[in-house]
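Novice: What follows is a structure written as C-alpha coordinates; I'll ask about it next.
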Amino acid sequence: MPLHLLGKKSWNVYNADNIARVRRDEAQAKAREEEDERVMQEVDAERRIKILRGERPPTPPPAPSPLSSEPGVRSDRKSTSDAGGFRKRRRVAGEDDTDRDIRYAREDAAQAVAKREELILASRKADSAQAPILDEAGHINLFPATSAKMEKNHEAEAEAARKKRSYEDQYTMRFSNAAGFKETIDRKPWYSSAEQNATAPGPMPEKDVWGNEDPRRKERTQARMSANDPLMAIKRGVRQLKTTEQERKRWNDEKRREIENLKAEETRQSRRRRRRSPSVDSLNGFKLDAPDGEREKDRRSSDRHHRRRRDQSRDRSYHRPHHYSSHRSQRHRHDERSEAPRRVKHSEAKNQP
(Lines of atoms letter the chains of each structure in order from A and count residues from 1; the text may use other names and numbers.)
(Lines give C-alpha, C1' and ligand atoms only; values in the text may rest on other atoms or scores of the structure.)
Protein backbone atom coordinates (compact mmCIF):
# COMPACT_ATOMS: atom_id res chain seq x y z
CA MET A 1 0.00 0.00 0.00
CA PRO A 2 1.55 3.37 -1.02
CA LEU A 3 2.26 6.00 1.59
CA HIS A 4 0.87 9.55 1.02
CA LEU A 5 3.59 11.54 2.72
CA LEU A 6 3.74 14.55 0.38
CA GLY A 7 0.75 16.23 1.98
CA LYS A 8 2.41 15.95 5.39
CA LYS A 9 5.49 17.95 4.36
CA SER A 10 5.68 21.61 5.39
CA TRP A 11 7.36 22.66 2.17
CA ASN A 12 4.61 21.28 -0.02
CA VAL A 13 3.18 24.19 -2.06
CA TYR A 14 -0.20 22.56 -2.36
CA ASN A 15 -0.86 22.47 1.38
CA ALA A 16 -3.78 24.56 2.60
CA ASP A 17 -1.55 26.48 5.03
CA ASN A 18 1.00 27.34 2.34
CA ILE A 19 -1.73 28.46 -0.10
CA ALA A 20 -3.31 30.70 2.55
CA ARG A 21 0.11 32.16 3.45
CA VAL A 22 0.84 32.98 -0.22
CA ARG A 23 -2.53 34.68 -0.65
CA ARG A 24 -2.02 36.67 2.56
CA ASP A 25 1.44 37.81 1.41
CA GLU A 26 0.09 38.85 -2.00
CA ALA A 27 -2.69 40.89 -0.36
CA GLN A 28 -0.19 42.62 1.97
CA ALA A 29 2.16 43.40 -0.96
CA LYS A 30 -0.72 44.86 -3.00
CA ALA A 31 -1.82 46.99 -0.01
CA ARG A 32 1.74 48.30 0.44
CA GLU A 33 1.99 49.18 -3.27
CA GLU A 34 -1.30 51.08 -3.15
CA GLU A 35 -0.21 52.97 -0.06
CA ASP A 36 3.14 53.87 -1.60
CA GLU A 37 1.42 55.07 -4.77
CA ARG A 38 -0.97 57.24 -2.74
CA VAL A 39 1.88 58.79 -0.77
CA MET A 40 3.85 59.50 -3.93
CA GLN A 41 0.84 61.18 -5.55
CA GLU A 42 0.31 63.39 -2.49
CA VAL A 43 4.00 64.37 -2.43
CA ASP A 44 3.97 65.10 -6.15
CA ALA A 45 0.81 67.20 -5.84
CA GLU A 46 2.29 69.18 -2.97
CA ARG A 47 5.51 69.71 -4.92
CA ARG A 48 3.61 71.04 -7.94
CA ILE A 49 1.58 73.40 -5.78
CA LYS A 50 4.79 74.78 -4.28
CA ILE A 51 6.24 75.33 -7.74
CA LEU A 52 3.09 77.14 -8.92
CA ARG A 53 3.16 79.36 -5.84
CA GLY A 54 6.78 80.27 -6.50
CA GLU A 55 8.06 78.60 -3.34
CA ARG A 56 10.92 76.20 -3.04
CA PRO A 57 9.73 72.67 -3.73
CA PRO A 58 10.24 70.26 -0.81
CA THR A 59 12.77 67.50 -1.03
CA PRO A 60 11.09 64.24 -2.01
CA PRO A 61 11.11 61.70 0.84
CA PRO A 62 13.27 58.61 0.45
CA ALA A 63 11.69 55.45 -0.84
CA PRO A 64 10.47 53.24 2.00
CA SER A 65 12.48 50.12 2.59
CA PRO A 66 10.54 46.91 2.02
CA LEU A 67 12.02 45.34 5.16
CA SER A 68 11.13 48.22 7.46
CA SER A 69 7.58 48.50 6.08
CA GLU A 70 6.70 44.96 7.06
CA PRO A 71 5.11 44.69 10.50
CA GLY A 72 7.07 42.89 13.12
CA VAL A 73 10.34 43.09 11.15
CA ARG A 74 13.23 45.31 12.29
CA SER A 75 16.37 46.12 10.41
CA ASP A 76 19.52 46.43 12.42
CA ARG A 77 21.33 48.05 9.51
CA LYS A 78 20.58 51.72 8.91
CA SER A 79 20.73 53.16 5.45
CA THR A 80 22.68 56.26 4.57
CA SER A 81 19.45 58.14 3.86
CA ASP A 82 18.27 57.64 7.45
CA ALA A 83 21.54 58.89 8.90
CA GLY A 84 20.47 62.53 8.84
CA GLY A 85 16.88 61.89 9.93
CA PHE A 86 15.17 62.34 13.24
CA ARG A 87 16.72 60.40 16.12
CA LYS A 88 15.11 59.58 19.37
CA ARG A 89 16.26 61.98 22.05
CA ARG A 90 17.45 60.50 25.30
CA ARG A 91 17.83 61.87 28.78
CA VAL A 92 21.26 63.09 29.72
CA ALA A 93 22.80 61.60 32.80
CA GLY A 94 22.10 63.61 35.92
CA GLU A 95 19.07 65.58 34.68
CA ASP A 96 15.50 65.24 35.70
CA ASP A 97 12.32 65.47 33.64
CA THR A 98 12.06 69.26 33.97
CA ASP A 99 15.59 69.87 32.71
CA ARG A 100 14.99 67.42 29.90
CA ASP A 101 11.82 69.25 28.77
CA ILE A 102 13.58 72.65 28.93
CA ARG A 103 16.47 71.31 26.83
CA TYR A 104 14.01 69.87 24.30
CA ALA A 105 12.23 73.25 24.03
CA ARG A 106 15.50 75.12 23.44
CA GLU A 107 16.58 72.65 20.79
CA ASP A 108 13.19 72.93 19.03
CA ALA A 109 13.33 76.74 19.08
CA ALA A 110 16.87 76.81 17.69
CA GLN A 111 15.92 74.32 14.99
CA ALA A 112 12.84 76.43 14.06
CA VAL A 113 14.96 79.61 13.79
CA ALA A 114 17.53 77.87 11.61
CA LYS A 115 14.82 76.45 9.40
CA ARG A 116 13.19 79.88 9.03
CA GLU A 117 16.45 81.50 8.04
CA GLU A 118 17.07 78.74 5.51
CA LEU A 119 13.64 79.26 3.95
CA ILE A 120 14.12 83.05 3.77
CA LEU A 121 17.48 82.64 2.06
CA ALA A 122 16.01 80.13 -0.40
CA SER A 123 13.10 82.45 -1.22
CA ARG A 124 15.50 85.34 -1.88
CA LYS A 125 17.56 83.21 -4.19
CA ALA A 126 14.41 82.10 -6.04
CA ASP A 127 13.23 85.72 -6.44
CA SER A 128 16.61 86.79 -7.79
CA ALA A 129 16.69 83.83 -10.19
CA GLN A 130 13.21 84.50 -11.56
CA ALA A 131 12.65 87.25 -14.12
CA PRO A 132 10.60 90.23 -12.91
CA ILE A 133 7.07 90.74 -14.20
CA LEU A 134 7.57 94.49 -14.65
CA ASP A 135 10.16 95.72 -17.12
CA GLU A 136 12.18 98.93 -16.98
CA ALA A 137 9.36 100.99 -18.51
CA GLY A 138 6.84 99.70 -15.96
CA HIS A 139 4.93 97.48 -18.39
CA ILE A 140 3.67 94.09 -17.28
CA ASN A 141 5.29 91.24 -19.18
CA LEU A 142 3.87 87.81 -18.37
CA PHE A 143 6.59 86.09 -20.40
CA PRO A 144 9.82 87.91 -19.55
CA ALA A 145 13.11 86.94 -21.09
CA THR A 146 15.23 84.54 -19.09
CA SER A 147 18.36 86.65 -19.45
CA ALA A 148 18.48 90.41 -19.50
CA LYS A 149 19.73 91.99 -22.68
CA MET A 150 23.10 93.60 -22.66
CA GLU A 151 22.91 97.35 -22.47
CA LYS A 152 24.11 99.17 -25.58
CA ASN A 153 25.95 102.41 -25.94
CA HIS A 154 23.48 104.81 -27.53
CA GLU A 155 26.14 107.26 -28.66
CA ALA A 156 28.12 104.55 -30.43
CA GLU A 157 24.94 103.22 -32.05
CA ALA A 158 23.99 106.71 -33.27
CA GLU A 159 27.48 107.28 -34.70
CA ALA A 160 27.41 103.94 -36.52
CA ALA A 161 23.94 104.70 -37.95
CA ARG A 162 25.13 108.14 -39.16
CA LYS A 163 28.14 106.65 -40.91
CA LYS A 164 26.00 103.96 -42.53
CA ARG A 165 23.49 106.54 -43.79
CA SER A 166 26.24 108.77 -45.19
CA TYR A 167 27.68 105.79 -47.03
CA GLU A 168 24.25 104.79 -48.41
CA ASP A 169 23.61 108.35 -49.60
CA GLN A 170 26.32 107.88 -52.19
CA TYR A 171 24.26 105.37 -54.17
CA THR A 172 20.72 105.60 -52.74
CA MET A 173 17.92 107.99 -53.69
CA ARG A 174 15.36 108.63 -50.96
CA PHE A 175 11.93 110.22 -51.17
CA SER A 176 12.99 112.81 -48.61
CA ASN A 177 15.66 114.03 -51.06
CA ALA A 178 13.40 113.97 -54.13
CA ALA A 179 13.69 117.74 -54.67
CA GLY A 180 17.49 117.60 -54.45
CA PHE A 181 20.21 116.02 -52.37
CA LYS A 182 20.80 117.79 -49.05
CA GLU A 183 18.64 120.79 -49.97
CA THR A 184 17.09 122.93 -47.30
CA ILE A 185 13.37 123.01 -46.71
CA ASP A 186 12.98 126.74 -47.30
CA ARG A 187 14.70 126.53 -50.67
CA LYS A 188 12.31 126.15 -53.57
CA PRO A 189 12.92 123.54 -56.26
CA TRP A 190 14.13 124.59 -59.65
CA TYR A 191 10.83 123.95 -61.40
CA SER A 192 8.89 126.35 -59.17
CA SER A 193 10.90 129.37 -60.28
CA ALA A 194 9.22 131.70 -62.80
CA GLU A 195 12.51 132.76 -64.36
CA GLN A 196 13.58 130.86 -67.42
CA ASN A 197 17.29 130.54 -66.95
CA ALA A 198 17.63 127.66 -69.28
CA THR A 199 18.18 128.61 -72.89
CA ALA A 200 16.11 126.99 -75.59
CA PRO A 201 17.99 124.50 -77.70
CA GLY A 202 19.14 125.86 -81.03
CA PRO A 203 18.16 124.48 -84.40
CA MET A 204 19.60 121.16 -85.39
CA PRO A 205 22.69 121.59 -87.58
CA GLU A 206 22.24 120.50 -91.17
CA LYS A 207 25.85 119.52 -91.69
CA ASP A 208 27.54 116.22 -91.09
CA VAL A 209 30.65 115.63 -89.00
CA TRP A 210 32.90 116.61 -91.92
CA GLY A 211 31.16 119.95 -92.46
CA ASN A 212 29.31 118.97 -95.63
CA GLU A 213 25.73 120.00 -96.26
CA ASP A 214 23.29 117.30 -95.23
CA PRO A 215 19.69 118.50 -95.77
CA ARG A 216 18.15 115.13 -94.87
CA ARG A 217 19.92 114.85 -91.54
CA LYS A 218 16.92 116.19 -89.65
CA GLU A 219 14.61 113.63 -91.28
CA ARG A 220 16.98 110.77 -90.44
CA THR A 221 17.30 111.97 -86.86
CA GLN A 222 13.52 112.21 -86.51
CA ALA A 223 13.07 108.75 -88.03
CA ARG A 224 15.69 107.31 -85.67
CA MET A 225 14.00 108.90 -82.67
CA SER A 226 10.64 107.55 -83.79
CA ALA A 227 12.10 104.07 -84.28
CA ASN A 228 13.58 104.11 -80.77
CA ASP A 229 10.42 105.50 -79.16
CA PRO A 230 8.37 102.75 -77.42
CA LEU A 231 5.16 104.73 -77.92
CA MET A 232 5.69 104.82 -81.67
CA ALA A 233 6.31 101.07 -81.66
CA ILE A 234 3.01 100.58 -79.83
CA LYS A 235 1.19 102.80 -82.35
CA ARG A 236 2.71 100.89 -85.25
CA GLY A 237 1.56 97.63 -83.71
CA VAL A 238 -1.98 99.02 -83.27
CA ARG A 239 -2.08 100.18 -86.88
CA GLN A 240 -0.86 96.82 -88.14
CA LEU A 241 -3.49 95.08 -86.00
CA LYS A 242 -6.27 97.27 -87.40
CA THR A 243 -5.05 96.71 -90.96
CA THR A 244 -4.95 92.96 -90.40
CA GLU A 245 -8.49 92.98 -88.99
CA GLN A 246 -9.77 94.99 -91.95
CA GLU A 247 -8.12 92.62 -94.43
CA ARG A 248 -9.54 89.60 -92.62
CA LYS A 249 -13.00 91.16 -92.64
CA ARG A 250 -12.76 91.96 -96.38
CA TRP A 251 -11.56 88.44 -97.13
CA ASN A 252 -14.45 86.96 -95.13
CA ASP A 253 -16.96 89.14 -97.03
CA GLU A 254 -15.53 88.02 -100.36
CA LYS A 255 -15.68 84.37 -99.36
CA ARG A 256 -19.27 84.78 -98.16
CA ARG A 257 -20.31 86.43 -101.45
CA GLU A 258 -18.61 83.68 -103.44
CA ILE A 259 -20.40 81.00 -101.43
CA GLU A 260 -23.76 82.77 -101.91
CA ASN A 261 -23.16 83.06 -105.67
CA LEU A 262 -22.26 79.38 -105.88
CA LYS A 263 -25.39 78.44 -103.96
CA ALA A 264 -27.57 80.60 -106.23
CA GLU A 265 -25.96 79.13 -109.36
CA GLU A 266 -26.47 75.61 -108.05
CA THR A 267 -30.10 76.39 -107.29
CA ARG A 268 -30.65 77.67 -110.85
CA GLN A 269 -28.95 74.63 -112.32
CA SER A 270 -31.09 72.26 -110.28
CA ARG A 271 -34.27 74.06 -111.30
CA ARG A 272 -33.24 73.92 -114.98
CA ARG A 273 -32.51 70.20 -114.69
CA ARG A 274 -35.89 69.55 -113.05
CA ARG A 275 -37.71 71.43 -115.84
CA ARG A 276 -35.86 69.58 -118.58
CA SER A 277 -36.16 66.06 -117.12
CA PRO A 278 -39.49 64.15 -117.50
CA SER A 279 -41.74 63.78 -114.53
CA VAL A 280 -41.07 60.74 -112.44
CA ASP A 281 -44.62 60.44 -111.19
CA SER A 282 -46.15 60.47 -114.70
CA LEU A 283 -46.50 56.99 -116.29
CA ASN A 284 -47.95 58.35 -119.57
CA GLY A 285 -50.07 55.21 -120.25
CA PHE A 286 -47.31 52.71 -119.48
CA LYS A 287 -48.57 49.07 -119.48
CA LEU A 288 -46.77 45.99 -118.36
CA ASP A 289 -48.77 43.64 -120.62
CA ALA A 290 -48.43 45.80 -123.77
CA PRO A 291 -46.26 44.48 -126.65
CA ASP A 292 -42.82 45.96 -127.39
CA GLY A 293 -44.03 47.93 -130.41
CA GLU A 294 -46.72 49.67 -128.45
CA ARG A 295 -44.27 50.46 -125.64
CA GLU A 296 -41.85 52.07 -128.09
CA LYS A 297 -44.66 54.02 -129.66
CA ASP A 298 -45.90 55.25 -126.29
CA ARG A 299 -42.40 56.31 -125.27
CA ARG A 300 -41.95 58.31 -128.48
CA SER A 301 -45.27 60.03 -128.09
CA SER A 302 -44.44 60.85 -124.46
CA ASP A 303 -41.11 62.38 -125.52
CA ARG A 304 -42.81 64.46 -128.19
CA HIS A 305 -45.40 65.56 -125.69
CA HIS A 306 -42.78 66.72 -123.19
CA ARG A 307 -40.74 68.52 -125.82
CA ARG A 308 -43.85 70.27 -127.04
CA ARG A 309 -44.78 71.34 -123.53
CA ARG A 310 -41.27 72.63 -122.88
CA ASP A 311 -41.31 74.63 -126.10
CA GLN A 312 -44.69 76.05 -125.23
CA SER A 313 -43.48 77.11 -121.76
CA ARG A 314 -40.51 78.90 -123.32
CA ASP A 315 -42.69 80.62 -125.87
CA ARG A 316 -45.20 81.59 -123.18
CA SER A 317 -42.56 83.61 -121.35
CA TYR A 318 -41.97 85.76 -124.48
CA HIS A 319 -45.62 86.37 -125.42
CA ARG A 320 -47.76 89.15 -124.08
CA PRO A 321 -50.11 88.50 -121.17
CA HIS A 322 -53.38 88.72 -123.25
CA HIS A 323 -52.32 85.63 -125.22
CA TYR A 324 -52.18 83.51 -122.09
CA SER A 325 -55.82 82.33 -122.36
CA SER A 326 -55.51 81.29 -126.01
CA HIS A 327 -52.36 79.29 -125.33
CA ARG A 328 -54.03 77.57 -122.41
CA SER A 329 -57.01 76.51 -124.54
CA GLN A 330 -54.75 75.21 -127.32
CA ARG A 331 -52.74 73.17 -124.79
CA HIS A 332 -55.93 71.74 -123.35
CA ARG A 333 -57.13 70.65 -126.83
CA HIS A 334 -53.76 69.13 -127.58
CA ASP A 335 -53.83 67.16 -124.34
CA GLU A 336 -57.31 65.81 -125.18
CA ARG A 337 -56.20 64.73 -128.66
CA SER A 338 -53.10 62.97 -127.25
CA GLU A 339 -55.11 61.24 -124.54
CA ALA A 340 -57.83 59.86 -126.89
CA PRO A 341 -55.73 57.09 -128.54
CA ARG A 342 -54.38 56.04 -125.15
CA ARG A 343 -57.89 55.61 -123.78
CA VAL A 344 -58.88 53.51 -126.81
CA LYS A 345 -55.84 51.28 -126.41
CA HIS A 346 -56.49 50.90 -122.72
CA SER A 347 -60.12 49.83 -123.32
CA GLU A 348 -59.08 47.34 -126.02
CA ALA A 349 -56.52 45.78 -123.69
CA LYS A 350 -59.18 45.32 -121.04
CA ASN A 351 -61.59 43.67 -123.53
CA GLN A 352 -59.01 41.17 -124.72
CA PRO A 353 -59.29 37.78 -122.92
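Placed from the backbone N, Cα and C atoms, the Cβ positions cover glycine too.
Owing to the predicted nature of the structure, the values given are computational and were not obtained by experimental measurement.
Okay, so TrEMBL annotates it like this:
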COMPBIAS  26-56  compositional bias 'Basic and acidic residues'
COMPBIAS  205-222  compositional bias 'Basic and acidic residues'
COMPBIAS  242-269  compositional bias 'Basic and acidic residues'
COMPBIAS  289-301  compositional bias 'Basic and acidic residues'
COMPBIAS  302-311  compositional bias 'Basic residues'
COMPBIAS  319-332  compositional bias 'Basic residues'
COMPBIAS  333-353  compositional bias 'Basic and acidic residues'
DOMAIN    10-46  domain 'CBF1-interacting co-repressor CIR N-terminal'
REGION    26-103  region 'Disordered'
REGION    190-353  region 'Disordered'
Novice: Across the compositional bias 'Basic and acidic residues' (242-269), what are the DSSP residue counts per state (helix, strand, coil)?
Specialist: 28 helix, 0 strand, 0 coil
Novice: Quick check on the domain 'CBF1-interacting co-repressor CIR N-terminal' (10-46): DSSP residue counts for helix, strand, coil, in that order please.
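Specialist: Each residue of the domain 'CBF1-interacting co-repressor CIR N-terminal' (10-46) counted once, the result is 31 helix, 0 strand, 6 coil.
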